[in-house]
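S.K.: Take a look at the following structure, please.
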Ligand SMILES: Nc1nc2c(ncn2[C@@H]2O[C@H](COP(=O)(O)OP(=O)(O)OP(=O)(O)O)[C@@H](O)[C@H]2O)c(=O)[nH]1
Ligand SMILES: [Mg+2]
Ligand SMILES: [Zn+2]
């Protein structure tokens, strides 16, 4: 396989895509030298047209791109690099992807698509479900059958915790909170948004690395920071879209987290009441909950 560096005066466009999520992160250029450096070091080096020199992506921010695969297109004049994006940030603005704005849709608004509504009988009762897909994840809205008739429904926005929700991990309170929310909406009517931003949006691999650091004595906040993330990397853009799509104008939000409340206060959806999501403490999640209270401001 050859790469046609001659076609555009020694430079070839390079699309960077995140391994795992397939998210498009950025477009850059490579000359032969930066290409060779990338292959040799397994860290992506571009040729910066602005700086007019070889540019190791993340050289000053630390947000380097570890090379997982490099593909060449059919006529060998465009490169696709599949990368692990360190720090979850490819864009100099702090956004994950440089393509965070939409020209067709409202500025800064992400394009979100959705499914039809279907029935979901469950051990909690009979629900309706509707799935959504944004740039990065698929999410699920779980509604009680009478949801549309309730003026101020109970709403739980639950971030994905595979270890807790599916495996029953005792390190956190996620599984219990999810059960509590599903029981409540089944009884009183309402909605659970299952928000697939795993591990406060650092993803599963990074969360397990954070757990490894916690095994070594770091707390949940310190572990995130040590891995180069903020304590909480979540955003609720998709959730706001989902709530508005389902016609929620007022809600009783089930949460202990002041950040979630702040977000929705600026979204135009009124929080009429906060319903605490307090569940059983055990010896494995005691310190985790203590840290959330002391360092993340959770109302516990
Ligand atoms: N990075 C990281 N994420 C964690 C850890 N433990 C749990 N999580 C994630 O934390 C998130 C918890 O989600 P939620 O329960 O919806 O949010 P919350 O901040 O606890 O707020 P409320 O439960 O609403 O009070 C999930 O995405 C979990 O996967 C951890 O030690 N490190
Ligand atoms: Mg929680
Ligand atoms: Zn959890």
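Every residue, even glycine, has its Cβ placed from backbone N, Cα and C.
Heads up, TrEMBL stuff is auto-annotated, nobody curated it.
OK, TrEMBL features for this one:
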- 232: active site, proton acceptor (ACT_SITE)
- 234: active site, nucleophile (ACT_SITE)
- 73, 75, 77: Mg(2+) binding site (BINDING)
- 74, 91, 98, 161, 172, 174: Zn(2+) binding site (BINDING)
- 156, 157, 158, 159, 160, 177, 198, 199, 200, 220, 255, 260: GTP binding site (BINDING)
- 26-100: domain 'Phosphoribosyl-AMP cyclohydrolase' (DOMAIN)
- 118-276: domain 'GTP cyclohydrolase II' (DOMAIN)
S.K.: Looking only at Cβ atoms, how many others are within 10 Å of the one on residue 158 (GTP binding site)?
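M.R.: I get 23 for this one.
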S.K.: What binding-site residues in 160, 172, 174, 198 place CB under 6 Å from ligand 3?
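M.R.: So the answer is 172, 174.
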S.K.: Checking proximity to ligand 1 here: which recorded positions out of 73, 74, 91, 232 have their Cβ closer than 6 Å to it?
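M.R.: List returned for ligand 1: none.
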S.K.: By Cβ count within 10 Å, point out the most packed of the recorded positions listed: 73, 77, 160, 198, 232.
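M.R.: Per the Cβ count, the most surrounded site is 160.
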S.K.: Roughly how many Å separate the Cα of residue 158 (GTP binding site) from that of the residue listed as 'active site, proton acceptor', to the nearest whole number?
M.R.: 14
S.K.: Which residue counts does DSSP give the domain 'Phosphoribosyl-AMP cyclohydrolase' (26-100) for helix, strand and coil?
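M.R.: Output for the domain 'Phosphoribosyl-AMP cyclohydrolase' (26-100) reads 13 helix, 29 strand, 33 coil.
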S.K.: Just name the most isolated of the recorded positions 156, 234, going by other Cβ atoms within 10 Å of its Cβ.
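M.R.: Fewest other Cβ atoms within 10 Å, among the recorded positions 156, 234, is found for 234.
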S.K.: Which has the fewest other CB atoms in a 10 Å radius around its CB: 74, 91, 98, 172, 174, the listed binding-site residues?
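M.R.: Least crowded of the binding-site residues 74, 91, 98, 172, 174, by Cβ count within 10 Å, is 74.
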S.K.: Hey, of 73, 160, 232, 234, 255, which of those recorded positions are within 10 Å of residue 174 (Zn(2+) binding site), Cα to Cα?
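M.R.: For residue 174 (Zn(2+) binding site), the recorded positions whose Cα atoms are within 10 Å come to 160.
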S.K.: Of the recorded positions 156, 200, 232, 255, which one has its Cα closest to the Cα of residue 74 (Zn(2+) binding site)?
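M.R.: When the Cα distances are compared, 200 comes out closest.
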S.K.: Which residues, sitting 6 or more apart from residue 75 (Mg(2+) binding site) on the same chain, put a CB under 8 Å from its CB?
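M.R.: Long-range Cβ contacts: 4.
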S.K.: Taking the Cβ of residue 255 (GTP binding site) as reference, which residues of that chain separated by at least 6 in sequence fall under 8 Å from it?
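M.R.: Listed in sequence order: 156, 157, 261, 274, 275, 276, 277.
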S.K.: What mean pLDDT does the predicted model reach across the domain 'Phosphoribosyl-AMP cyclohydrolase' (26-100)?
M.R.: 94
